[in-house]
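Chemist: Residues annotated as domain 'DUS-like FMN-binding' in TrEMBL: 9-283. Annotated FMN binding site per TrEMBL: PRO11, MET12, VAL13, GLN81, LYS149, HIS177, ALA232, ARG233, in sequence order. Annotated active site, proton donor per TrEMBL: CYS110, in sequence order.
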Amino acid sequence: MDYQNKLVLAPMVRVGTLPFRLLAAQYGADITYGEEIIDHKLLKCERRVNEYIGSTDFVEKGTDSVVFRTCHQERNHVVFQMGTSDAVRALTAAKMVCKDVAAIDINMGCPKSFSVSGGMGAALLSKPELIHDILTMLKRNLDVPVTCKIRLLKSSQDTVELARRIEKTGVSALAVHGRKVADRPRDPAKWGEIADIVAALSIPVIANGDVFEYDDFQRIKTAAGASSVMAARGALWNASIFSSQGKLHWEDVKREYVRKSIFWENNVKSTKHTLKEMIMHYSSLELPEGKAIIKSETLADIAKLYEEEKYYQFVNENRFLVNGSR
């Protein structure tokens, strides 16, 4: 994995599943992070090759619940992001997926209660020794690149000090969200503080926050001096933000996402969540489309809503012909 001059899809819970990652890559994303998956959850899974749709699935044992789905098309640029608070557990989980992904990333920035309450995400920012243990354990025992994603601490000096400690573990890159834990999305990202980190480190730094147009990638890269730049909400609202040719209309991007969700049999709750986020940004869930999304219970319902019934039928009939039976 090369972390220089890359356009990166940020990890987003319930959004960064296989179809959305492939959508971002199609439009120009060089590196695509999956949604954060907790180590405990992965350890309850078994790896299955899904010949029916051509994917590799990590499925919760005793169920058909897919926790992580990937495919060979993204093998060289997908990053598995893990939530963890224990070095041994992190390594055990990472070993399960490391042969199917391009890199392993540890989430050290998520401020949400489900993550922090388990000592994961942003809770790690105040535990530099544990950070060291986790990253060192992974780095010593895995053949794939190991990285982590952090937020800014209370002072720039504190963040730089933590970043230096992280660099000493041998990680391949460090992603930095230019906001503090208490900051809200509406608060502007602090590029100057990311620049302080870049100046102090020799490893690549990936800057994250406030990327809403293609030109923002270069603007932020220049302002922070970062090696690469990561987009989250800007990519969620319109994944063609990664295209140097300019954004496509969001309706076209949305339809392409629906087709990819059908093809890869994406979890319907994940598909609905992502579509609702797109719609809320440009329109309203109170309009007929939004209400229909909320009522949808299956991918077939969503296919019908977006007039993709023929595609849905074509995909499923051709799979049946190839495999004989489902």
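Even glycines carry a Cβ here, placed using N, Cα and C.
Predicted automatically and left uncurated, TrEMBL annotations should be read as such.
Note that the structure is predicted; figures quoted are calculated from it, not measured.
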Chemist: Limited to the domain 'DUS-like FMN-binding' (9-283), I'd like the whole-number average of pLDDT.
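Modeler: Here the predicted model's pLDDT, averaged over the domain 'DUS-like FMN-binding' (9-283), is 97.
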Chemist: Other than its own, how many Cβ atoms are within 10 Å of the Cβ belonging to GLN81 (FMN binding site)?
Modeler: 26
Chemist: If you measure CYS110 (active site, proton donor) to MET12 (FMN binding site) at Cα, how many Å is it?
Modeler: 10
Chemist: Ten-angstrom check, please: count other Cβ atoms within 10 Å of the Cβ of HIS177 (FMN binding site), all chains counted.
Modeler: 26
Chemist: Near ALA232 (FMN binding site), which residues of its own chain have a C-beta under 8 A away, given they sit six or more steps off in sequence?
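Modeler: Same-chain residues close to ALA232 (FMN binding site) (Cβ under 8 Å, separated by 6 or more) are ALA10, MET12, ASN208, GLY209, VAL211.
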Chemist: Taking the Cβ of each of the binding-site residues and counting other Cβ atoms inside 10 Å, which one has the highest number: LYS149, ARG233?
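Modeler: Within the set of binding-site residues, the most crowded position is LYS149.
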Chemist: With an 8 Å cut-off on Cβ-Cβ distance and a minimum sequence separation of at least 6, pull the same-chain contacts of VAL13 (FMN binding site), or say none.
Modeler: GLU35, GLU36, LYS112
Chemist: Compile a sequence-ordered list of residues in the same chain as PRO11 (FMN binding site), six or more apart from it, whose Cβ lies below 8 A from its Cβ; state 'none' when nothing qualifies.
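Modeler: Within the chain, PRO11 (FMN binding site) has Cβ neighbours under 8 Å at TYR33, GLY34, GLU35, GLU36, VAL79, GLN81, ASP105, ASN107, LYS149.
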